[in-house]
């Protein structure tokens, strides 16, 4: 109950109402604490009570109060003594009456009843309850005359049921209890009459029966049947519409506010008119408007004052239009604007009771106190009545009472009880102590402080027992004391204290707020398109507050998942195995906690290959075309992209289906182009995203008539396989292409530009024809034409072929050789005349052989002959990879498709000197403490006159990867040993030895060796190994070496480095690493090699080394080679004894000065 409490010094305001204590909560609090309370009616029967005479009458009246109220009744305005009537029983502790009418006349208990509930603090009264017996009277006996009408006229069959209580429900049926069909022409009015806008012969029948069903007694009364006969002898013609109900052009209707307005228009006419509705000067309320009875009835629910006005119904047929206007007036029985509310006041407080009602016409308001008109009640100077308001000023203890407000007009009344209870009570907090409230971040939080007291306590709030909370962001203190936090955040968590205070005391209560993280779905399930039989996986990954225990639920189409082991629910996923069509739908994952939830949905679409098309039919048949139609099969949720039409040729290739054409997936017909002399059978396959359907059932067979060929053989060629012939070949037509029986081929030929007439020959069942006695390799014009029993194919195209080739007759002339370097020569010749080629020129072959070397000591030995081919009409070619200082012979042949011609005269040439190969061996044969003896052997191939040897050597430093300075020595060609003195004892040396000619040094051979260890020790030398300082020094050195090794290991892993010796050992070819021709220096070596150990190193696994690039590749010389060479076949290497900080990548190395160049710079 809303109430207004004003301090003694305040003035009241009509528009101020307090919501701090509702009626219900106030009653609960008063009863909870056992405080005095005036009576309050809690249950009563409706104002209009229609009872079934077969059952007892039960009139409800329940009330609460402290002390428990007593009950009494009035009937028809007079006291009803319940105890004197043995048929009437009042339930114990209640005012409810139970009247036994089983052996009494029910009419004796009809009347108006009112219940009164009374205790020492006041009296409450119920509404006036009108008790009436339900009635279902019989139909008065009557005799219905048979109705005879002409076809086309209008007709009304009246029902006029007996008046019942409540009114009966009307419907029309026949003798078989079947409802009569209703439509736009035949309809039932709201009063139950049956209207025919125009009658037809089929309306003739003798059993039009109106039935009335009475709801309370569940009885049905039947009217006597009506007979209708429709004559067709002189039918009524077409006519304009006219209204049968309501009559005239205007009518009026009244409706009460809140009820349903029902407007009805039924028109006659032929043809049957259409009915439409509109409101003059306004729109029909769409949300509350409905049409019934084939738009003949307009209903507007929950009517209000704005629904009054003029409503126009219009009847229309093809002969005209007619209107009827219904003027609607809206009245209103009294309805509450604000009902009076219970007041709980402290002594000396002021309160207001307001009874605000509305209605049309305006209701009259009457006030009662404890059931007595207020003007007849004992005088109370603290009470003032002002129309719909009662003001109670400075109330005193003992002035509690129950006030009644009655508002009535011509259409009804309202009556309400409101008690005024005067109490003096200290504050009490009803919210349980230490209650814990949990909310989700960013949601509202409501902390309750339900209290009771009189005067009404004032509520204040504190956070963490210290911070006083005032109204304002983010806090709002409601009128009922509830603390509201609009958008709760984690920092709002904590302990809250509410304090209730009035002038009689103070009371506090503690509650706690916990703000939790929201539950959120991080990865939502996604839309899935899955083929039948496959698996579908929906993911649903969730984040939630760790203190909450979530529960994940999966739904299918908002219902539970099927009870099927194919559905596997994981912690964050749903797997559906072996998907079927029934699995299609919307799947939702819901993550629930005790505070919130989040959900996400995704659809599953199950797809499959289309079903095969059906109902193949052939229409519009001609000699070369036919139309094929079909019915598509089920697409299984994947639209058909195209249809593939295939055919089987039952005459030529039975059992083989061939693709004929394709059409769009939206088509169901195809115009097919056909060939003659084919026994067709067609089938169709559908394609969607999943794949092709199974083939349809074949169509019926369709045979086309034979005809002359449409095409000639393809791929016609003329080639001579041997001298004097020409083989003409072609690809035969298939049986499908033959177009008819008796397929043959007409082969025609003539020598191009020589013969005018064609030679011809007809052949069958072959794919070639051989023409004999042709000249050698001359062009022929050729054509092949298809024939059958029905004619010839189109004119064939002419192709050019050549007769057979023979070996060339001539050899190339003027062969000469130009020597470019010790390893490269170039051969030139005069090409042969084309007639002597006697075929298609393929190119030239150059044959060359090394006859002997130019060394005086070398024996003359002939090596294997080598061949290079040069395509096309060439006149020169290069010969790479020659051996220096040698004698070669060469000759040339011409080449055609048949073979090689005779050789040219042989020519000889010499190659100049080149750099030698590396020495055959290098050995250390004597190890002294300060000397080493070396022996070596000459190169296997000197490639010229040997001029001598160059030896370079350098010491290692402390057995590390570093090398000392290089020393160089030269020797004559006949010297093959040397003893090196003045060397350091126990020292590792590295040696480089190369042979040289006048062209420069060849590649190096390397070797490593150590001098012997010095074992002499002075006799008085102290054994320092036992000295402490020495042991400490050695430990420091060992630690330093360990650090250095780690650093070296790291640097080594940053780049691929390998030692010089292994690099040289990987390349023994003298043509690969000779000494430089220009300065006679050693080959260059990357400084990165100096960082490698001298012993036990490995070359790269692929054994690759860097070579100088050359423009002379075997690709340029002919089809015989693909390697690269310098002109002299050389490769320039590099040594270095100097350490540089260059990055080594792959087989590239940085250039560094040669140690020999360094030595020569001092000369």
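Any Cβ shown, glycine's included, is placed from N, Cα and C.
All TrEMBL annotations are machine predictions without curation.
Taken straight from TrEMBL:
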DOMAIN    39-126  domain 'Ig-like'
DOMAIN    137-227  domain 'Ig-like'
DOMAIN    241-329  domain 'Ig-like'
DOMAIN    334-421  domain 'Ig-like'
DOMAIN    427-514  domain 'Ig-like'
DOMAIN    518-605  domain 'Ig-like'
DOMAIN    612-707  domain 'Fibronectin type-III'
COMPBIAS  693-704  compositional bias 'Polar residues'
REGION    693-713  region 'Disordered'
DOMAIN    709-806  domain 'Fibronectin type-III'
DOMAIN    811-914  domain 'Fibronectin type-III'
REGION    856-875  region 'Disordered'
COMPBIAS  856-865  compositional bias 'Basic and acidic residues'
DOMAIN    918-1019  domain 'Fibronectin type-III'
TRANSMEM  1029-1050  transmembrane segment
REGION    1059-1163  region 'Disordered'
COMPBIAS  1059-1079  compositional bias 'Basic and acidic residues'
COMPBIAS  1137-1147  compositional bias 'Basic and acidic residues'
COMPBIAS  1149-1163  compositional bias 'Polar residues'
Next item on the list: Grab the pLDDT values for the domain 'Ig-like' (334-421) and give me their mean, rounded.
Entry: 93
Note to self: Across the domain 'Fibronectin type-III' (709-806), what are the DSSP residue counts per state (helix, strand, coil)?
What the structure shows: 4 helix, 47 strand, 47 coil
Notebook entry, point to check: Cβ under 8 Å to the compositional bias 'Polar residues' (693-704), counting only same-chain residues 6 or more beyond its ends: which ones?
Noted result: 609-614, 616-618, 621, 623-624, 626, 628, 630, 633, 646, 648, 650, 657, 674-687
Checklist line | Residues in the domain 'Ig-like' (518-605) grouped by DSSP into helix, strand and remaining coil | finding: 3 helix, 47 strand, 38 coil
